[in-house]
């Protein structure tokens, strides 16, 4: 949730025993092929706020905050008079006391309710639920983990999810939530079994918020869970409404920020996630289609074109169509995915007549159709192959080109 103010939720103190790192030797290079895009492993503080980059070690005794607008952690040197100044961040200058964590939670709840009165009103209606014992992270997690369908108090579940959704925007709470496999698995179970879509949406919001721009939290999920977690997300996509689809895709979009996850699920060499996203796209709602096209854009599997037409055309269906076309033009698809991707592209253009094929794709399609004529000479040329070759020929003219050209093409075949 985006606030207009900066709120520090840094409820921890960096350990005083952190090792000193030689910055001349210890560098972090996100892109091994770009040595200029490196930064020191040890964060070097100044008197000005600086963003703490992924993987950096932080020296002890700094003033640390979370920028809620950018969801980035920042730090600077602690000034002598800073403790007496009325600031909008909570400064952690020593060991964290229990009441400090409670104060952070309480202030965060008040800030949220002041900006969203409907939340405060909704909570007021739940008179039978004690809010005090579910307003902190540990109590909310305990309620989630012990929840039993048809037995536990659903109103208490709502309160616990509200607390976690609020706190999960903070990077440290996101890390803490994802580091406990039992709690996160409980969230998965609740989402899969809930009959109330409001509960399901809250669960997905908690998951998405805890992972967004939080590399350590993402790493926790990738370590603690197996492929079934990702498979389950895509399975739920087909059965949910647009709101829930968008929430689920928000989780997937957070995960694709991890290069290891992308290589395993969203590369052309390991394309199970990519294939699922393309296959499910026609079943998505309008908002979810936008989120799906954003995921494809985030992957950066193809060079970004800055021509005027590309910049002006941001329609999700057009973006997905271009992605599939580029997959063919770039010869990225293996034999297993070739037919399914082509079928998806044909269906997409048949359902949306405003979509236009690119010149590069039309040239590729013409060459592909011509080259497939040689298949007839093969001894192992099956009826299935023949049917698909004819399907491509018809699609070339009826879907992507001039339908009248099909007559001439068939005549040439004869």
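In case you wondered, yes, glycine gets a Cβ from its N, Cα and C as well.
For 1-18, the entry in Swiss-Prot reads signal peptide, with the evidence type sequence analysis.
Per Swiss-Prot, the feature N-linked glycosylation site maps to 17 (among others); the stated evidence is sequence analysis.
Taken from Swiss-Prot, the feature N-linked glycosylation site covers 352 (among others). Here the Cβ of residue 352 (N-linked glycosylation site) has 12 other Cβ atoms within 10 Å, regardless of which shown protein chain they belong to. When secondary structure is read from DSSP and collapsed to three states, residue 352 (N-linked glycosylation site) falls in the coil class.
Residues or ranges marked as motif 'Prevents secretion from ER' by Swiss-Prot on the basis of sequence analysis: 411-414.
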Confidence summary (mean pLDDT) of the motif 'Prevents secretion from ER' (411-414):
50
